[in-house]
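Colleague: Here it is, the structure, as structure tokens.
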Amino acid sequence: MELNLQIKNQAGLHARPAAMFAQKASSFKSNILIFKDGKNGNAKSIISIMGLGVKKGDTLLVKIDGPDAADAGAALKKLVDDKFGEE
Amino acid sequence: MWKIKGIAASAGIAIGKIMHMQEAVHDFCRLVDASQAPAEKERFYTAQQAAEKELEILQERTAANMGEQQAEVFAAHKLMVTDPSFVEVVLNHIDNHQASAEAAVEDAANEIAAMFAGLDSEYMQERAADIKDIGKRLVRILLGGTAEVNYTGILAAQDLLPSDTAALDLNCVSGFITALGGKTSHSSILARAAGIPAVVGIGSELEKLTNGDTVIVDGHVGEVLVDPEEDVIADYRLRIKKEQERAALLASVGHLPSETLDGHHIELACNIGTPGDMEKVIAAGAEGVGLFRTEFLFLDKTSVPTEEEQVESYKAVLAAMPDKKIVIRTLDAGGDKQLPFIGGLPEANPALGLRAIRLCMVYQDVFKTQLRALLRASVAGNLHIMFPMIATVDELLSAKALLQEAAKELTQEGIPYKSDVAVGIMVEVPAAAAIADILAEEVDFFSIGTNDLVQYTMAADRMNEHVAYLSDYFQPPVVRLIGNVAKAAQKAGKWVGMCGEMAGDPLATPLLVGLGLTELSMNGRAVPIVKHRIRQLDVKQTQKWADEILSLRTASDIKKRLEEIALEFEI
């Protein structure tokens, strides 16, 4: 499955949100890739995520492939929509 | 004595002797036979586990000494050590380049650091240091090294990586100097959190410092004084002492009343942007809110916030200090703050265009919803409604008429609200200052917004550095307008306050009190120092000063006079 996520938290995907995103992605069996501006990376890797330089307002394309794809998509969407718990 | 200029990363002054941090230089063999690949991978996995354990301990220790937030970086490091992308690059080097585990780790870390360094955000560029740090840690572990070091005095280093700083005993280190780094690098953040003066980004000048050199680290201006003379040292020691006294004094002012020597109360309030800021307002020892910017409810939204949503936010602020004055400014959008759901055409001069009250009078449905929400919230506390950018009496009367209409609707619907909510305007357009006497008849209060008042009075864009010399609230025309507004308000028996940057400048405090302002609203951090100034003022005396200052010819004359006056105070 594929979904678009718009990053709304102030800091973008800085260390802490990137870590939360990678940890959440790692809790699923599916392969998860993220794409932004022609670059892509492994969603289970904090380094890949931070390497995309994602800022507030950017939209990520997330491609999920595997047995728990739907759950993974929902969980990542919730994390982003909740702004990673930032104020 | 000679000086090195750097970036002021953490305020304060430290005097001490230089101690360079030992850059661990490790020799290791880079190439191994291809048949060794499985063994090198095993070594890497073992080192990885050891690194995770070290980081675990560092995280706990840092959390205990410096707080959870400072410790978070090690949680991120732990993730990076086991990161699939990092591991993939390391294994690739071992498999395909006959690299030893050490070489593979170092190369992988450098490659990823280079990728971070190429990103266009300063924050991300500095994350390159994180990954290099991890590389160094793994290499050290692979070579069998330990982590403990002891440093005292002024620590000089290329850069202070998180694991370096966590291994430091901060009670022994009195200052930091680094060649690399900026305001948001780890060393700077840590220095600020620990209250250690720091100057960063001095570049190759670092090499000119020798262990044992006496230096003064001035973290206020970002200077390092090397081999200072005795009298310079004495001078700085005195400054350190004064800073300590000042900090102690300001901490003690917190909850004392904001009253002049002759018993006049000057209300000190805070400017806030969201209901969440109320905690800081209370902690700062302020007596209310002099400016609540409501834009946060509207910006970043694709549709107009509902009345209910707004009522809830306004009530949250009012209820946090139910018996204190809370001034809520109606929507100040347009110009450089475009609303997605309104759109609007691009303007050649947004600052002079359809913004604030002008925009609200075009989109009256949006405005009326806000006014209804404000009235409904009024039952929760002491609400004051403030209209921004008023330039004419007509604008004010139309806004007030719409407020009346909103009130009438609520009455008809049987929804409770306070009927005696105070209504005022923000004085930020010179036009309003010029007719302050006329406007004063129609309002309950004025609040002077100096940032825009300066921009419009001096006809100088405050973001344009070429005309920055005009953007100064001590310019005589600005000071005179403030005087006019205060006089008009006093004559009409209305109170006048200020919610611009000038209100939080302690240098301006005697002048503003002298001109007749009775409320100053500022950033929470400025409250203690301004309060301390007020507690040393005599209103009669400030009036004499103000009269004198109104006759001065230039901004620098006014500043100079205020600096002389400031010398009469304790701090």
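Just so you know, glycine gets a Cβ as well, placed from its N, Cα and C.
Worth saying up front: this structure is predicted, and the values here are computed from it rather than measured.
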Colleague: Pick the one from B:Arg293, B:Arg358, B:Arg372 that TrEMBL also lists for the phosphoenolpyruvate site with B:Arg329, B:Asn451, B:Asp452, B:Arg462.
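Modeller: According to TrEMBL, the candidate sharing the phosphoenolpyruvate site with B:Arg329, B:Asn451, B:Asp452, B:Arg462 is B:Arg293.
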Colleague: Taking the Cβ of B:Arg462 (phosphoenolpyruvate binding site) as centre, how many other Cβ atoms lie within 10 Å?
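Modeller: Other Cβ atoms found within 10 Å: 17.
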Colleague: Which of the listed binding-site residues (B:Glu428, B:Asp452) has the least company, meaning the fewest other Cβ atoms within 10 Å of its Cβ?
Modeller: B:Asp452
Colleague: In sequence order, what residues of the same chain, 6+ apart, have a Cβ less than 8 Å from the Cβ of B:Asn451 (phosphoenolpyruvate binding site)?
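Modeller: Expected: B:Glu428, B:Arg462, B:Gly500, B:Glu501.
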Colleague: Let me know the model's mean pLDDT on the domain 'PEP-utilising enzyme mobile' (B:153-222).
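Modeller: Its mean pLDDT is 84.
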Colleague: Taking only the Cα atoms, work out how far B:Asp452 (phosphoenolpyruvate binding site) lies from B:Cys499 (active site, proton donor), in Å, as a whole number.
Modeller: 11
Colleague: Around B:Cys499 (active site, proton donor), how many other C-beta atoms are within 10 angstroms of its C-beta?
Modeller: 30
Colleague: Using Cβ atoms only, which residues of the same chain lie under 8 Å from B:Arg293 (phosphoenolpyruvate binding site) while being at least 6 residues apart in sequence?
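Modeller: Spatial neighbours, sequence-distant, of B:Arg293 (phosphoenolpyruvate binding site): B:Asn271, B:Ile272, B:Gly273, B:Arg329, B:Asp332.
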Colleague: Inside 10 Å of the Cβ of B:Arg329 (phosphoenolpyruvate binding site), count up the other Cβ atoms and send me the figure.
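Modeller: If we count other Cβ atoms within 10 Å of B:Arg329 (phosphoenolpyruvate binding site), we arrive at 25.
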